[in-house]
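Participant: Shown below is the structure under consideration.
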Amino acid sequence: MNEHRREPHRRSGYQDDSAFTNTEKLVDELDHNVEPEQLLEKNRTDFKLMYVIVKFYRWFNNLSFITRWITIWFPLAGALVIPLAVGVSPYPNAKLGGVRIFWIFVWLEVAWGGFWVSRVIARLLPYILYPLMGILPFTMYKYTVILTALEMPLAIFFCSIVCVCTFSPIMIGKGNFTSTTVTTTTSATATPTASASSNAVESVFVTKTAASVPSWIKVITKILGAAVVTSIVLLLEKIFLHFIGFHYHEVQYQYRITDNKRNTAVLAKLLTAALDAPYHDSPRVRRQDYLLGLIDTRSMSESKGSGNGKLRKVKKISKNAKRIFSKTRNAISTAFTDMLGKHAKDLTPEQEFILETIRSKKKCLALARKIWYSLVPEGEDCFQKEDLIGLIPDDEINDIFHILDNDYSRTVTLDEMEQFTREISIEFRSISSSLRDVDLALGKLDRVGLGVVGIIAVLTFISFLDTSFATILAAFGTTLLSLSFVFSTSAQELMSSIIFLFSKHPFDISDVVIVNNIKYEVVSLSLLFTVFRTMGGSTVQAPNSLLNTLFIENLRRSQPQSETITIVSPFATDFKQLERLRDLLLTFVKENERDFRPIIDLNVSDFSTLDSLKFTVTYYYKSNWQNVSLQCVRRNKFMCALKNAIATTNLPAVADPVRGSPDYPFVIEQYNLERPEYSKTASRPQFSDISSTASSNSLSNKPGFAHSESRNYHTHDEDNSSDDNHKREDRGHLPAQYLRQSVATWQIPNLISAIEAYDSQNESSQENATYTVVESNGNANGDNTATNSQGATDNGQTTTNTTQNNVDNTQATTDNTQANTDNMQVAIDYSQNMDGQIQY
């Protein structure tokens, strides 16, 4: 099969090496029936050197710091002894720059040893100052902790002092730099001799002047002096930086880290108790163990020589190799941690398992279920304090159960256990992310500080080495002054960001905050900006200098919060209905004490317009709104309970009228019975948004029929002769009436009685007018048949009389209509006084 395998086409310049090359080789070896045990043994042989390095590092790291430092100091010190020994015996007069080699390497030994002695002093200084600072207030005593973080800057400062104090005595004091001065003195003595004589005495004075010292010694002396000044500036910068970091961690994370450690310890104790619980071997627990990786089910599901088993073993070999490489890299990268003043603390296997578990959401929930299933038999929904007796020491049961039982129900459900572990996981990841981002911000601030220290160091060295320092300083000051106008805005933004992030620090990673009435979640922190995520998922970046001027509401740091809901009810709502509503809501929150506090505040806020009554319902959560999903579930639960309580109390609603409902406003329609075609085609007014007790503006304008100028009416197809008659008649008739009224239920009887009286009077007047017209026409026809000779004259007279009668009847109908309209206006005024509404 392998011989006939087709090679894939490779283009020019294509590299065959990939990340899966080693895995493909391992799979090919499996195809050739290579046993996984042989591969494992082969990899152990290949990684033997790495195992040795890791083992040596662990052994070396477990030694005391004195032993480690002596081990690091000894190789270089031994190397410096070789030229020192050469300058003692074989070549005692060997010199370097006018100084014997022996004294040069003596000073190098002193400098190298002084560095490690300074390390020891800097390490022991906090332990020495703790008892001495105990007499001071605690606010000063706690700052001695900063000394533990200043070990390296203090060591550099002490070492520079040692170097500058020992260089001149050794190099100049032991060097052969002499200038000989010969002085001759003559003394006269009085003797009883015949001649006077004088004796000349020559005196030789050996002096050492500055001119005789080599120039390189002068230069090194100046360099060491500048190094002392630079070390002082560096120490001050580190003190300032660590003071900011200490204050930040103390204020922001002291209690959070303490609480998280306490909860993690409780979780570890519960896990230990679950291993010895009565139901620790149930199928439910074993499923959670498989998710946690505590058991290996491959032996039950696969044979020894199956391909899947081999592939899993290959993956295991690759994972072990990766772990070995990681350990080797850590060993190499931490080889100089002792020199940098950093120390790692090993964790116990239990702590490592808990910390690894709470980093994963799935494993975190599996751990909670494992503990709960181990303590609770199948069919039960909670466990009590008595279930922990014998598994946890008696003096710790009360504290542990107090932490788990947040609602004081004396039981712990599965939801509470999952919520407990979920909060530990979220808090742990939040603290880790916040500390990481803050450390990065401190690192950036440290780089800025080191840049300033570097500039000061350059100026310091120039001032020590150059005599014309004043000229250089003037030129540098002019340049700095000109650049200040360019970077003034950036410098101001930097200072505002530093104050906002390290002094104010209104939020941390994963906090839910409200800025400008918009809810955000903090994603990351930086020195100059902050990244947020909206509830919709979009990412927002805001400069810290701008956030420094805004009001920020932090939900995570808030205490258990409350929410207020405003409800509008009819003005006729009484006190008993409100108290009934409050009692129902209070019963609901007591039944759901895991979510709400047993408090309900109901307050009437406003009824100034006398058309409605506004009141507020305030309920209290058991926690803040940091967990958005949990807050939404609780709010929906309460809103549904509020809806049911309002329906139970029969509280009337204030809403738009609904046709056909007896409890809500209704619509009345009145048509013109004389011309029904107008009623069918008349355009009706739109349904406006008014309440049942709002006043109608149309009442004050024209109570009665609606205006006809703004509406168009159409008629059916008729003869041309009758169209003109209809048009003439339209001028005397008003359009069809459409009365829309929105009133309360208790106003209906009076209004209906007035409308019925109006309708009955209108119908009777129309019947009388029709009867009169018919009777007049009959009499006219009889007269025409009896008197044929006077047909034209009589017909003309009859027509005149009929027309006059129609005019009289029409006038009577108009008078009746006006009277009915007045009656209708009286009914309307009465209804309006009763707070009704009529709209035309």
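Just so it is clear, glycine is given a Cβ too, placed from its N, Cα and C backbone atoms.
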Participant: Is THR357 placed by Swiss-Prot on the same side of the membrane that ARG68 is on?
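Facilitator: Judging by the topology that Swiss-Prot records, the two residues are on different membrane sides.
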Participant: Any idea what the model's mean pLDDT is for the topological domain 'Cytoplasmic' (1-68)?
Facilitator: 58
Participant: Sort out the residues at least 6 away from either end of the transmembrane segment (226-246), same chain, that have Cβ-Cβ distances under 8 Å to it, and list them.
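Facilitator: Those are 143, 145-146, 149-150, 153-154, 156-157, 160-161, 163-164, 438, 442, 445-446, 449-450, 452-453, 456-457, 460-461, 463-465, 502, in sequence order.
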Participant: Which residue counts does DSSP yield for the topological domain 'Lumenal' (148-151) in the helix, strand and coil classes, in that order?
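Facilitator: With helix first, then strand, then coil, the topological domain 'Lumenal' (148-151) has 3 helix, 0 strand, 1 coil.
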Participant: So what's near the topological domain 'Lumenal' (148-151) in sequence-distant terms, Cβ-Cβ under 8 Å and 6+ beyond its ends?
Facilitator: 119, 122-123, 126, 235, 238-239, 242, 245-246, 341
